[in-house]
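The feature domain 'DNA-directed DNA polymerase X' is assigned by TrEMBL to A:3-316. Annotation comment: TrEMBL describes A:52-71, A:92-111, A:127-146 as domain 'Helix-hairpin-helix DNA-binding motif class 1'. Taken from TrEMBL, the feature domain 'Polymerase/histidinol phosphatase N-terminal' applies to A:340-422.
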Amino acid sequence: MARSNDEVAALFQEYADLISLTGGDAFRARAHEKAARSIGGYHADVATLDVQGLQEIPDVGRSVAEKIVEYLRDGRVAAVEELRARVPPGVRRLTAVPTLGPRKARVLHEELGISSVEELADAVRAERLRDLRGFGPKTEENILHGIELLRSAGDRVLLDVAADLAEDIVGRLAEVSGCSRCACAGSLRRVRETIGDIDVLAAAEDSAPLMRAFTELPYVTEVIAHGTTKTSVRTTEGLAVDLRVVPPESWGAALQYFTGSRAHNIRLRERAVHLGLKLSEYGLFDAETGSRIASRTEEDVYAGLGLPWIPPPLREDRGEIEAGLAGTLPRPVTEADLRGDLHTHTDLTDGLAPLQEMVAAAADRGYAYYAVTDHGPALSMQRMTDERMLDQRARLRALDGRYGRRRGGLRLLHGAELNIDPDGGVDWPEDFLAGFDLCVASVHSHFRQDRAALTRRLVRACEHPCVDIIGHPTTRLIGKRPGIDVDLDAVFEACARTGTVLEINARPERLDLRDEDILRARRYGVRFAVNSDAHSTRHLATLRFGIGTAQRGWLTAGDVVNTWPLTRLRRHLARGRPKRRPDSR
DNA sequence: GCCGTTTTCGGCCCGACTGTTTTCAGTCG
């Protein structure tokens, strides 16, 4: 379940929103927002800190520290409750509609009494927004479009939210007496990018103790269905969770069945029928005699169908069964294959942790190498200068090889995340860029250029001799912003031609490239990098979601450059680059 | 509400874009 830090961060983010929505001081709102972000990214658990220790967290002063203590002690904060009483929860939800911020939401609530997304949609259609100052026909259009985007995300949650909850549930249920196995199945096990409901599977002779423990979980708010083989609940976050309990001898068949996907299972059952067998969640049986052929492990079930075990992220009926039969199933890249992270930030730009903390955390993860890639000066929200970047490089060189248990220590690469401007140009002239070990280049604005312009823009970036990796290539934000309208095939072709690597950005709200695009890109012979884009030490671990996405794209370790040894990686980065000038560090 | 080689008050990232205005407010990154 969420750490105290995440809970507290969510609380202050809500408080900040409520301050804005009630017309409070904008700087006060911003201060709480900064505190929330800082707390969320802080390495130590706030529950272990006192008021003084809490104030060590950047952007946390006396007032916030005391509120944290109040929250951890009472489970509530009076100041937050006071504002909650004034703003219906639906009003806060309005700001989730893209292009609708706190000021407009406040006007809608105060002038028209709108307090939910549904009421907003009705009001727009009834043309009730027309008379409001600052609301024109284009605003109406944007709001309707935003609502549509919001709805297309549905009630699904991002992977990290679902994974945290599911792992907590599995951990607790595994402790229940009589439970022999427990694991999550469903789309979470297949690492789909969003999760609609969580499927948990357990094996036990007697299901009653598990079902009881499940309904008594602290964050369960509603029991939707309660039986001996299946129980469904809803959690405080509105997520539906199903628990199914099967006899231990059916474990493998049940895990296979409940992992899906539906399309994959249909294909398997068809194959079973073809072989004179019958496949269900209880096992693989002889269709005539009904005798059990396999059910204890997934491997047994697949073997009974003449197939190798298929990794869950591949189970989408996208050719995995044919590949399994032909013996050409790829061995997907795993987290253990990764030797480093090639896109990360520090507090030099918009990261939360100083260089040394990020490096130490990377070393703890056992990496062989690690790249620091803060933003260049083109992003106006940053304050980057040549001097600050070179100073960071000197500090990074001093830390090179000094961390980690590996021989030679953790090797550090100095990089930058460049901004791809509307014409496809990037920050800094070539001679300055040549001083970096690697450059990530990404689109951060002007998302609405037409397809031709966007395609030219990305292809030009690929062709730049110093651009090694295209960061979050489509810039989509799941449920918030669609990807840019770009001819990806042209980009893939350019990447393959120039050796430019495509990023699989592992942040749960991005997962960019996404699996379908990866499947296409790999046909062009493109290489990939699975990167965390970490802005705090805690983000480093999100790499697992990027790996899941890479697996869904059928990538092997060889396709992913940050599984390569450093010498091979360096050789690849050096291709086509201008020679460094002798004076560049 | 936080912070400090502008330090206990007076700033707070800031520029681009969009849409609604006719000089600016809101949103976003």
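Note that Cβ sites are derived from N, Cα and C of the backbone, with glycine treated the same way.
The shown structure was predicted, so the numbers you read here are calculated from the model rather than taken from an experiment.
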> Under an 8 Å Cβ to Cβ limit, what residues of the same chain, 6 or more beyond the ends of the domain 'Helix-hairpin-helix DNA-binding motif class 1' (A:92-111), are close to it?
Replying inline: 14, 17-18, 20-23, 29, 117, 120, 123, 129, 132, 134-135, 139, 142-143, 145-147, 149-150, 480-481
> Going by DSSP, how much of the domain 'Polymerase/histidinol phosphatase N-terminal' (A:340-422) is helix, how much is strand and how much is coil, in residues?
Replying inline: 24 helix, 19 strand, 40 coil
> How does the model score the domain 'DNA-directed DNA polymerase X' (A:3-316) in terms of mean pLDDT?
Replying inline: 90
> Going by DSSP, how much of the domain 'Helix-hairpin-helix DNA-binding motif class 1' (A:92-111) is helix, how much is strand and how much is coil, in residues?
Replying inline: 13 helix, 0 strand, 7 coil
> In the domain 'Helix-hairpin-helix DNA-binding motif class 1' (A:52-71), how many residues does DSSP call helix, how many strand, and how many coil?
Replying inline: 13 helix, 0 strand, 7 coil
